[in-house]
Amino acid sequence: MNDWLPILATTLAAATPLIFAGLGELVTERAGVLNLGVEGMMLIGAVSAFAVASSGGGLLLGTLAGIGAGMAASALFALLVLHCLANQMATGLALALFGVGLSAFIGRDYVSHVLDGVSGYTLLDGLPPLDPFIVGSLGLFALVQWFLYRSRGGLVLRAVGESPSTAHALGYPVRLIRWAAILFGGACSGLAGAYLATDYTPMWVEGLSAGRGWIALALVVFATWKPARLLAGAYLFGGVTILQFHGQALGLAVPSQFMSMLPYLATIVVLTLISRRGHAIRLNAPASLGQVWHPDS
Amino acid sequence: MFRLEARPAPSTLARWLAPLGALLLTLLLAAVLFAQLGQSPLHAFAVFFLRPLDGLYGIGEWLLKATPLMLCGLGLALGFRASVWNIGAEGQLTVGAIAAGGLAIHFDGSDSAWLLPAMAGAGVLGGMLWAAIPALLRTRWQTNEILTTLMLAYVAPLLLAWLVNGPWRDPAGFNFPQSIQFGESALLAPLLAGTRLTVAFPLALGLAVLCWLFLRHAYLGFQMNIAGQAPAAARYAGYSPARTVWVALLVGGGCAGLAGFAEVAGPLGQLLPSVSPGYGFAAIIVAFVGRLHPLGVVLASLLLSLLYLGGESAQMELGLPASITGLFQGALLFALLACDTLVHYRLRRSR
Amino acid sequence: MRCQSLLPHARMNSAPRLALRDITKTYPGVIANEDIDLTVLPGEIHAVLGENGAGKSTLMKIIYGLVQPDAGTVLWEGRETRIASPAAARRLGIAMVFQHFALFETLSVAENIALALPDAPAPAALAERIRATAEDYGLPLEPQRPVHELSVGERQRVEIVRCLLQSPRLLILDEPTSVLTPQAVETLFTTLRRLAAEGVSLLYISHKLDEIRALCDRATVLRGGRVSGHCRPAGESADSLARMMIGAELPQTRLSANNVRREPKLVLHNLSRPADGPFGTALHALQLSVHSGEIVGIAGASGNGQSELLQALSGEATLAQADMVQMLGAPVGRLGAAARRARGLGFVPEERLGRGAVPALDLAANTLLTAAGDGLVRRGLILRPTVRRYAREIIKRFRVKCHGSHALARSLSGGNLQKFIVGREIAQNPEVLIVAQPTWGVDVGSAALIRERLIDLRNRGVALLVISEDLDELFSICDRIAVLAGGRLSPLRHTSATDSAEIGRWMAGLFPTETTHVPA
């Protein structure tokens, strides 16, 4: 019992930011918008959450600040992509790079400050306390799953992602729907950042997210745009981090740098495995993903 | 209310004015930011953009820093034209540095005139090797190269960190994570007395000219352009998509690897845990701001290099945070994308 | 040419359901609609007739609220109205069946219909209503099936049922028969006549004169964005309608006998390949031979394996076995597109912008796209002056209207771009030429020129394979004809030995399975 609990805890904790950011990006992509800026939004969310929380704002306010900052960053993306009709790929890259710069700038006075971690609440005696973020990630999953497949809003969102021109011809406000999807993605990325900065490693360092935003993007492809598979994929990645943290304990005499490479290498492997099944990707990928759309065209 | 209306043909004028517009917007943002930080914008601009270019040494530093940006930017621009989204030049540069540096360490003490060319070759091959992995995955299994090149950009610095902490650590280096200082024969001599500028800069300019000739006159360059602009037309015409991916990634990786060589055999002179302050990522901005055109890349790399120097100068003289450089880089690309709208669309008052 | 006394007498007193007055809409450089008047009465089937580019689509988009006119008034049941959006149009009772169906492939029939109903009932109740309405009108539908599994005819049924569930007062149909078999057209007309009898007004957009004469009460004819006449189609001849539509009689293309020696130049031997993507159709053991000096036509609605066959022929997709496609006696099934072209294959694809031509490049660069092997490249370098000369030659020979070889491909009209692409492929002197939808969306004049050039090529001994959805076209330019339905190829018939009724049955998949070869 005591052997597997820390392992489970590590897995859940490491998977949580990927679940938040991944679900947000999944909804954005289902609307046909590819936002490569997840890493940037995550960093901006993280530094905002940390700044508010460590300036006496408390955890809740900090988390809200993270969500708000993620949304603000995504709003910039939405403005460029939906109104200036900028290339989604380039704009997402710009957001990722801008996020790195902006978060380093905002966070310059907070480097290596430490926060008190989050105290979880106890559900059952004998079990470790539950972390509210981890519980929240499962709640968000349920919400997204329900929204996409059980609500009319989800149906409209999927329709817009498959063919914006057809949705437009039927009278749906494509731009507005995409705005909402992008903002939701930004909020989720910001939340992921807030979790990283206030709970997972409650301190600020430059580039705190360490590529998790990009891994979340890869997970969306791996999940073939399905929330349940995204959840499974995130836990798989959480599992890989076990090796990183518990490797020594397991008696693996491998230099730490190689352990740190694992999540990145695992991303490549997993992405390649799913890409080999091109059929699954083409069947499930939103057909308009990444394309500029203008109502007059 | 205004609305956007498609132009019958994209405006060439707007295409070349957009980077200038973006620069102006970024300067405007910078002025506001400087004022917020309690600095007089004019004075801050002078420190940021003019002070670094004071004197021959300053100019040399400017061109020196522009070199890796230019090299990486040229390779990326070629790939982006073909819609091959190599965003991992940082990793390819690092592996190029490792390969070149490894040779210097292994042949330490040799005074062969062939050592430097061999290191350059090793740097190019190292960068190519690192880029060949995404190329193989993409052509063989359609794995998205955006994510694989980027993941490998996280892996390469870890590999370097292991080397300088372990097998290649300088035994006489007080346990600092760094390699030995390279010998004379493994270092590029300064091109001009009083500067650190090396032959890598004219080499990069030469590559830009070569790139321009390739894109303008070579049938292969034309084919890669088509593959980027209209993939279905490229398939229809029978252009090999695999060749496009391979050429784009190998050229991009090779250029970045050469930049890695130029860094370790030039200003650095040894392997350190970090051989690049993000040149590979800044080169993405260089490529876009340079309109994916070799001449544009040359100009954009000079601009971005100045931003690096300006950040350092502002930190030293005004106590501003160095991270301001990264902020401006990102803002520049955003501003460019916004200005780019006017290339394909024009504003019309809507009724 | 105005004949205003044509209002059906029984409906004289009622206000028009829809009246357009002086509608004008301009786009940069183009006047799409100019001073258009149009009146549609309750229970009337009203045709809007005009050739490609006459402004029909823009006018329909205005009525459906997708486009706002620059000037003019819209009267709905006597009251001046602004139709701001499709939702507003639907609230008024306007519904539309789109030419390229406005359906979502990955969603089910019921989901597609729910998306068009502002307050859709619960899924179970909706499925029941769909079934009931569909049965009532004789248009059977399975609500749970995903749309990508449906045939073209079934998709149109989904669109029509979707409109019917909105209880429309005006139903717009945009070229509804362009992809239907002659039999399916009859079924559609029965449904439409019943709707009209129930008091629904129908706007029927088409360029097919016979259909309009058979179905419509009145017609408004458009030419070059203006109304060129109002009339009662039943009282007009095809020639008089054509004069209103294009200002001249319809050009006729005739096939004359030639004395080219018949040798097989393109042979398909048990050509099979899997579906191209999740929504594609697999090909099953196709057998066909195309001889020198003949045009073979392949009829059938798109989505029956047409794109898979074209890719297999062009080399954009390579095949499992080399002998599945044989050209000039050599197996080429494993060769790519460039290699097959080098052996004398020419190919005009269905999509002009983005596949046949690169939209943002000029005509010289678009010449280089496929004609590089014709001496335009030496030692890997582009010979620019030669490319320009080559492009100018094509422009001249095929009367492409444009601002010279510097014109961007996307600045050309559909007809001129198609003339350019066909011209580029013919200029390379192919032994075998494959043409997909040669005149789809092309104006009458350009269409006539293209057909003439294809026939010239046939008479010079080239083997041509034409894949088209337009049966009239195939019957006018083909020596022999077959049907591709459900990924299988029907027997090949001489055009003189079959008719559109038989081909129509075959298009529904009803053909004898053993492939009997007809001597060329």
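Note: Cβ is positioned from N, Cα and C throughout, glycine not excepted.
Predicted automatically and left uncurated, TrEMBL annotations should be read as such.
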Annotated transmembrane segment segment (source TrEMBL; candidates B:113-137, B:263-287): B:113-137
Range annotated as transmembrane segment in TrEMBL, from B:218-238, B:323-343: B:323-343
Residues from the same chain, set at least six apart from the ends of the transmembrane segment (B:188-215), whose C-beta lies under 8 A from its own: 56-57, 59-61, 63-64, 66-67, 70-71, 74, 77-78, 81, 116, 221, 225, 255, 258-259, 262, 265-267, 293-295, 297-298
Cβ contacts under 8 Å made by the transmembrane segment (B:113-137) with residues that lie 6+ beyond its boundaries: 86, 88, 91-93, 95-104, 107, 143, 145, 148-149, 152, 156, 185-188, 245-246, 249-250, 252-262, 265
Best-contacting stretch, by C-beta pairs under 8 Å, relative to the transmembrane segment (B:245-262) and drawn from B:87-107, B:149-168, B:295-311: B:87-107
Close approaches to the transmembrane segment (B:323-343) from elsewhere in its chain (Cβ under 8 angstroms; 6 or more beyond its ends): 4, 10-11, 14-15, 17-19, 21-23, 25-26, 29-30, 33, 278, 282, 284-285, 288-289, 304, 307-308, 310-311, 314
